[in-house]
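Working notes, beginning with the structure itself.
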Amino acid sequence: MKLCILLAVVAFVGLSLGEEKKEKDKELGTVIGIDLGTTYSCVGVYKNGRVEIIANDQGNRITPSYVAFTADGERLIGDAAKNQLTTNPENTVFDAKRLIGREWSDTNVQHDIKFFPFKVVEKNSKPHISVDTSQGAKVFAPEEISAMVLGKMKETAEAYLGKKVTHAVVTVPAYFNDAQRQATKDAGVIAGLQVMRIINEPTAAAIAYGLDKKEGEKNVLVFDLGGGTFDVSLLTIDNGVFEVVATNGDTHLGGEDFDQRVMDHFIKLYKKKKGKDIRKDNRAVQKLRREVEKAKRALSGSHQVRIEIESFFEGDDFSETLTRAKFEELNLDLFRSTLKPVQKVLEDADMNKKDVHEIVLVGGSTRIPKVQQLVKDFFGGKEPSRGINPDEAVAYGAAVQAGVLSGEQDTDAIVLLDVNPLTMGIETVGGVMTKLIPRNTVIPTKKSQVFSTASDNQHTVTIQVYEGERPMTKDNHLLGKFDLTGIPPAPRGIPQIEVSFEIDANGILQVSAEDKGTGNKEKIVITNDQNRLTPEDIDRMIRDAEKFADEDKKLKERVESRNELESYAYSLKNQIGDKDKLGAKLSDDEKNKLESAIDESIKWLEQNPDADPEEYKKQKKDLEAIVQPVIAKLYQGAGGAPPPEGGDDADLKDEL
């Protein structure tokens, strides 16, 4: 059995040889690996036999998953967006990953929107984000916000590689359901990326850990606690074969929840001391959020930290101490809750604690000493491995998988065997969940089962597809449904309806039903129609994304041409005012002529802050036309050549 699975998966990771493959690899170009995180994202590429984690334009190897829209029409993504959160909280969007692929009625969505500074609205039974842009209020699907972050990672990679990138491997939490996986793929399409593979974050981290491990078979537990999600996966690693044995987790648990506990504590404390409730003041809340996050990070290395915020609320300052002990007390139940999935994974894998050879901690929240201590104690004092960077491991593994798919050298020995995280089945009489594919089944996989009708002469059966672990479908998650019609009249129990489930390498499900008597067949790819974007939606969002990119480009051109004129005018003004330099060489008439032209340009700038780039360029040319002859005359008098002007003619001069 294992051999068959291995063969299937070897085919799936694209390890076939021959000319056809080489041609295909050329078409793909360089495939990048992206860790699309709740709070931070990271991008890597496999080049020349090694992984490069790529720094963004700020020099940072991780980029905040933040998007902001400013009052002057600028769209900011990453560090720039996060840096202005406290001054523009209503139009700074984060945590899109906590909304993506979820329904409006989801209890987690309803919990989260109470704490977001931006407005979340219902549209087509799904959460959408409403912000003010320069064109007025605009509503975005979570997929669009995630697409903007993916687009930023794509740009970061393109700047490093010096060429366009069109294909990517994107990671998701292992416990993401079908709808969340589909929505993440859609976000990639909107960003102009073909997502070749969705892989699970702990699996990617295991690749990062185990890539160079050659010492025989090892059982590795990956404990991945990030900013917004938590996963545990147990893998067997053996000479380049990565087999996921079991996985579990919580798609709504992470560093942000720890921050929120601390914030709630300080908000209550402030109300008790000052009698003031800051919850309605978005700016104050976001200032507190920023400082609490910093304090949490500091407490990983020290035992207490002082939180100081000037002009916190209604002119008052904020000054409080947070100790590591208090931080742990506020979050102890959440920290302890991470051990339940660890226990579950061991049970599902039919292993004991002592069977685990290595524990790999991934995600920024595993830097919290108490989390490390709890994991260590759970495994009887076993020290977790510290060989990989918890912030970069997932992107690293994604980049390796991207290298495999694009046929990079030295990757042909890597085989990835992942599993589906949740049981999948259909509803049968009485609302019973009949399982077809149990959780932790190696994917890709296909499973069929024959069913029959529940009543005499029934000519239609409705196939309702669910995922979840509960015995009754009402307690599980409906993925989609379809009808098989035209069943010939027959007593109940006679017709034979074969239902087949097929899960692809991305963990995405296709279901078909066939009437064995007539050969009549229906099938659907589960796209969670109520939840999923339609192809029309995606096309519209792609157009919107392109429009935003054009607007960003135009804005950049406008800002650059404005800056050129401004710097030129002020630089001249300063030089003319300098009595030791240019100011001393000009006659009063020349000085007055230049000052008058410069003042006119500065006045025009103040009156036209949003002019077109061409207008700024024309103003600069006009100013140069007045300035250049005066300066040229000075240089000729001194027997030298005039300095190059700032206009187009500068390019014609010989270069040294």
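Just so it is clear, glycine is given a Cβ too, placed from its N, Cα and C backbone atoms.
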Select from 337-340, 341-344, 369-372, 653-656 the stretch of residues annotated by Swiss-Prot as motif 'Prevents secretion from ER'. 653-656
From the list THR86, THR518, pick out the residue that Swiss-Prot labels O-AMP-threonine. THR518
Check each of the ranges 13-35, 519-541, 588-610, 634-656 against Swiss-Prot and return the one annotated as region 'Disordered'. 634-656
Going by a 10 angstroms cut-off between Cβ atoms, which of the binding-site residues GLY37, GLY228 has the sparsest surroundings? GLY228
Between the Cα atoms of ARG297 (ATP binding site) and THR518 (O-AMP-threonine), find the distance and write it as a whole number of Å. 64
Measuring Cα to Cα, how far is SER300 (ATP binding site) from THR518 (O-AMP-threonine) in Å? 66
Work out how many Å separate GLY228 (ATP binding site) and THR518 (O-AMP-threonine) at their Cα atoms, rounded off. 49
With the cut-off set at 10 Å between Cβ atoms, which of these recorded positions ends up with the most neighbours? Options: SER300, THR366, THR518. THR366
Among all protein chains shown, how many Cβ atoms are found within 10 Å of the Cβ of ARG297 (ATP binding site), not counting that one? 14
Just the number: how many Å between the Cα atoms of TYR40 (ATP binding site) and THR518 (O-AMP-threonine)? 53
Students should find that the Cβ of LYS294 (ATP binding site) has, within 10 Å, a number of other Cβ atoms equal to 12
In three-state DSSP terms, GLY37 (ATP binding site) is classed as coil
